[in-house]
Amino acid sequence: MLNERKIAVIGFGSIGRTFVRLLTAKSHYIKKLAELRVVAVADSKGMVLKPSGFSDYELIKLCELPLSGLRSLPESLDLDIDLLYSEVQPDIHVELTPANYETGEPGLSNIVNAINNHAHVVTANKAPLALRFSELMDLARKNEVKIGFRSTVMGGTPLIDMLLSIRSYSVESIHGILNATTNFMLTEMHEKLIPMEEALRRAQAIGIAETDPRLDLDGWDSAAKIVILSNVVRREIKLQNVIREPLKVELSDIAECLRNNNVIKYVAALEPDGKAYVKPMKLSRRDPLAGVDGTLNAVRIGTTIGEITLVGKGGGRIETAHNVLDDVIGVML
């Protein structure tokens, strides 16, 4: 079949299922570009393979299974990436496993395996790029495949596209509000004068904070994002280079800021001297980042010809799935 592409979806949680549903909903449009066939779906407990490709109906039925429920299917196999590639030979590897900022696994090995099998990679998992950005890009170039990662930072806003479009600029600094959970919490604290613990409970109640929020509150999520942005603008740093200060803000800190017409924001930054950090910062109300509230994200990019500020949505489930699909389309064109 002309321009046929086989896809493996690795990671079948909330984002993976939203992506698969979106893929089926957009199938009529996508068929104008290529014939996409999902030939493998894997979660943490098992995988299902179909060399001829799953039908839209079969994919929707998979989405209706409980989380980590692929193992319950009679045709399910133990998760084995080597076996997956030998059996169905996917052209595009979609990596949607959870982030592991200590080792990058299993996402890092999955991506390396995919590239070595000459598959394009689309990832929403930040950890492998935060830990091994330049190595993965070099490996992809060597194997003549692409890595799509739009969804890793500000998935609801075309930030990565914008940065790639200003290649001739010399980027000196990046300052950003890159985590929706902590920004929502700080907004609640400023507007309603509630303690941080209550702000966290409210974030969890509306589904934007995990039961274990340490990746957000300890700065791992923001640190990974500033690493990716820095590497996109050719300022090579790794996750271990980022100084992280956990978010610990008292109501007395908020009150002092309000008296002085300032705000506290959880800022991820790359400075001109190469120093990278994530920490709570007092910002003047005149700062473009100061008015970015709720679940919005923003970046202020300092270049040799002036500043660029971009404000928009972060990466919710639906926004992330759309960016993953955009990257799938992008790598196959």
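Backbone N, Cα and C define each Cβ position, glycine as well.
Lifted from TrEMBL, the feature list:
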type	residues	note
ACT_SITE	K225	active site, proton donor
BINDING	G11, F12, G13, S14, I15, G16	NADP(+) binding site
BINDING	E210	L-homoserine binding site
DOMAIN	11-148	domain 'Aspartate/homoserine dehydrogenase NAD-binding'
DOMAIN	159-329	domain 'Homoserine dehydrogenase catalytic'
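Overlay of TrEMBL feature records on the structure.
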residue: G11; record: NADP(+) binding site; CB count, 10 Å: 24
residue: F12; record: NADP(+) binding site; CB count, 10 Å: 27
residue: G13; record: NADP(+) binding site; CB count, 10 Å: 15
residue: S14; record: NADP(+) binding site; CB count, 10 Å: 14
residue: I15; record: NADP(+) binding site; CB count, 10 Å: 25
residue: G16; record: NADP(+) binding site; CB count, 10 Å: 25
residue: E210; record: L-homoserine binding site; CB count, 10 Å: 12
residue: K225; record: active site, proton donor; CB count, 10 Å: 28
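DSSP assigns E210 (L-homoserine binding site) to coil, not to a helix or a strand.
Break the domain 'Aspartate/homoserine dehydrogenase NAD-binding' (11-148) down by DSSP state and the numbers are 62 helix, 22 strand, 54 coil. Cβ atoms within 8 Å of the centroid of the Cβ atoms of G11, F12, G13, S14, I15, G16 (the NADP(+) site) belong to the same-chain residues R17, T18, F19, D43, L96, site residues excluded.
Note: the Cα of E210 (L-homoserine binding site) and the Cα of S14 (NADP(+) binding site) are spaced 13 Å from each other.
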